[in-house]
Structures are given as C-alpha cells and as structure tokens.
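Visitor: This is the structure I want to talk about, given as structure tokens.
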Amino acid sequence: MILIDGKSLSKDLKERLATQVQEYKHHTAITPKLVAIIVGNDPASKTYVASKEKACAQVGIDSQVITLPEHTTESELLELIDQLNNDSSVHAILVQLPLPAHINKNNVIYSIKPEKDVDGFHPTNVGRLQLRDKKCLESCTPKGIMTMLREYGIKTEGAYAVVVGASNVVGKPVSQLLLNAKATVTTCHRFTTDLKSHTTKADILIVAVGKPNFITADMVKEGAVVIDVGINHVDGKIVGDVDFAAVKDKVAAITPVPGGVGPMTITELLYNTFQCAQELNR
C-alpha cells in the first residue's frame, strides 16, 4: 500500500513554486499578491487564513488580510471587492467562507473578477473548466487531488472513478477534472441508491461527504486508489470520511487524514495566485 503523503508533496511543490516566483519577480519586477477577506470573528476562518498567509510568505508571494466586522453589509463588502478588482497590484482575491447569514454568498463570489478568482468559484471559471480552457482557475481542493494522482503516477486515462459527494466546492469540479483527464466518472450523492454497488467498482474512489468513517472496507475494491477529502472531529481527533485503519490494507494507495488532501489545497491556492499574476500581466 502506498501512502499518498500530501504534506510531503506539498512541501516539494512549494519549493518548486518558490523558485518560479523568484525568477518571475526577477524578470518582471512584479510580486504576486493575494488579498484575503474575513467577515466576522469565526476562529476557524482566522486559522485557515493565517495558514494561507504563512504559505504565501514561504514562496515569496505577498499577502494581505482584511478583517471586517460581523455587521458589515453586503454592499460594503461588494464595494471593497470592486476596489480590489480595480487595483492592479492585487492579483488574487479570496473571501473566506462561511459568511454571516445576512450576506448572500453567491453575490459575493460573482462579484470577484474571474481573473482574480483564486478559489475558482466564479461561474466563468466553472464554465472554463467544462470547456477545458487553459485560462481556467481550478478550484483548489479538486486541483490538489489531481496533482496528487499525477505526481504519484496514478493513471486516470481509462480508469473508472467514483466521486462520493456532489458539492460545488469538491464533488462536481473534481468529477469534471477526472472526465477531462479521460477517466470514466460516476458522481454519487445523498439520493444515490445502493452506493456500495458503485464504490466497489471504482479504480479511483474520491470521498467528500463530511461523515466520519463513512466508507468501510466492504465498500472498496481490492487494489483501488482512495482519496479521502473529509475532515471530521471525533473525540478530539481529526478523522476522514474513510475508515482508514480498515481500508488501508485492501487498497493500492490511500491518503491519510490529516496530512493528505488538506496541505495540497493551500499549495494549489499559491499556484493559482501565481497563475493570476502571470495572466493579468501578460
């Protein structure tokens, strides 16, 4: 069994990116810049953004965090985003979710200039993903999953891939990326009947449902590759959506939780920020 070590791979990829960013800055005198916006005082959001700030510094990308009070209105937030859209020194914009209930998430996502939409959530980038447009900014977690498969030499062409979970953030975009990579793809969701009949056929099984130890050994094919996107807190520990202990001896490769997909998400955010800077300054 191969352990797909996202933490180690992420470190290698950041070292590669740091070299690219340094060369880019030397040749263009432009420093890629990411601006992250937090609305309110959610501790998890602050932790996530702090880790993104730290990662930016590691590769030579500038970052700025703007923290707005909980009572910030939607129009005030949209006005700030408009200013950042028109600021040529800002290449990538991230609005940390969740937002307070009085702010419409979609209105905020749609207001970000597609070329600065570092999370890849804007409808333009969703459409570009479908069309395999090279200018597409791919959603960070799905992009990280595909990078893991590629870097570990896991063949997608002709493979049967099953994605459990159909969210706009992970399930749908990773299904499309797998399809673009010439896999045959089935996307399962809460209305899927007889889930096990699908998962036991999967050469590549990707799970993103937010339910601890949801996928058990009897639901996985011998020799499959399993990517666990879940992050769940159980008895003070972080566990995935896959019963790792039961499944690991049955599969060819599997990601751990923590230390699997999570680190790759932040690394791909850095790569997307660099892509934004390059595209905006062509």
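Glycine too: its Cβ is placed from the backbone N, Cα and C atoms.
The following feature annotations were taken from Swiss-Prot:
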type    : residues                       : note
BINDING : GLY165, ALA166, SER167, ILE231 : NADP(+) binding site
Visitor: What whole-number distance in angstrom separates the two most remote CA atoms of the NADP(+)-binding residues GLY165, ALA166, SER167, ILE231?
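Guide: If we measure all Cα pairs in GLY165, ALA166, SER167, ILE231, the largest is 16 Å.
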Visitor: Near ILE231 (NADP(+) binding site), which residues of its chain come within a Cβ-Cβ distance under 8 Å, counting only those 6 or more away in sequence?
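Guide: Once residues fewer than 6 apart are set aside, ILE231 (NADP(+) binding site) is near GLY210, ILE238, GLY240, VAL257, PRO258, GLY262.
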Visitor: Over all shown protein chains, what is the count of other CB atoms within 10 A of the CB belonging to GLY165 (NADP(+) binding site)?
Guide: 24
